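Sharing a structure below in structure tokens format, with a few things to ask.
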């Protein structure tokens, strides 16, 4: 089985080594194509106005000066040649990708691009606490990642579905189990704009997260609730975003 791995944290991110280790537990035909620089939050952006620069950093390890989407396209359509990958793994992201994160996440986008190419694709993310932000533990991802991917692959992944896996911020022996979840939703206002001043007194801004606003009680059955209860969250996400429930009503409204 040929596996293509990517991420959005960049070619030198610790989580990329973790995704490679997970991949090597499944196959010895593993290829790494990841962004040259950190691309967190770029979502499914595609580089159309700038050339892509490709650098081989080691055997079957390549850095692309572009987005995670660019990396998957470069890997599948150029680097791997005539033999497409059988599986795309994106991650392991430093930080969870749940609720509204899936819209912004480059990790999710890397897996989605694999799905667009008709390949079974997984996004894997490791939650961390404030105390472990600088050095999150990857042991939980290493323990549960291979078995989740293997079991889902054996059962088969629908063509337009990407599997979003999030590991809780705890040691492997503290994980209560695996649970299939739906995408959650945070309180409004979890994003904030932080205004600061530079040395000349000019304003500049950071987009950040208001942790206090996000500390609501998550709905049962969601990815947020699973992580809060120390479960590994496995969420199937569809590429087709059509609102089928509203489609019929919209047809009536528009006559």
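Backbone N, Cα and C define each Cβ position, glycine as well.
As listed in Swiss-Prot for this protein:
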- 8, 9, 40, 93: divalent metal cation binding site (BINDING)
Compile a sequence-ordered list of residues in the same chain as residue 40 (divalent metal cation binding site), six or more apart from it, whose Cβ lies below 8 A from its Cβ; state 'none' when nothing qualifies.
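Spatial neighbours, sequence-distant, of residue 40 (divalent metal cation binding site): 8, 9, 105, 106.
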Enter the number of other CB atoms within 10 angstroms of the CB of residue 93 (divalent metal cation binding site).
30
How many other Cβ atoms sit within 10 Å of the Cβ of residue 9 (divalent metal cation binding site)?
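Looking across every protein chain shown, the total is 23.
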Which residues, in sequence order, are found in the same chain with Cβ within 8 Å of the centroid defined by the Cβ atoms of 8, 9, 40, 93 at the divalent metal cation site, excluding those residues themselves?
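Here the nearby residues are 7, 10, 13, 15, 38, 39, 68, 91, 94, 95, 105, 106, 107.
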Tally every other Cβ atom lying within 10 Å of the Cβ atom of residue 8 (divalent metal cation binding site).
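That number is 32.
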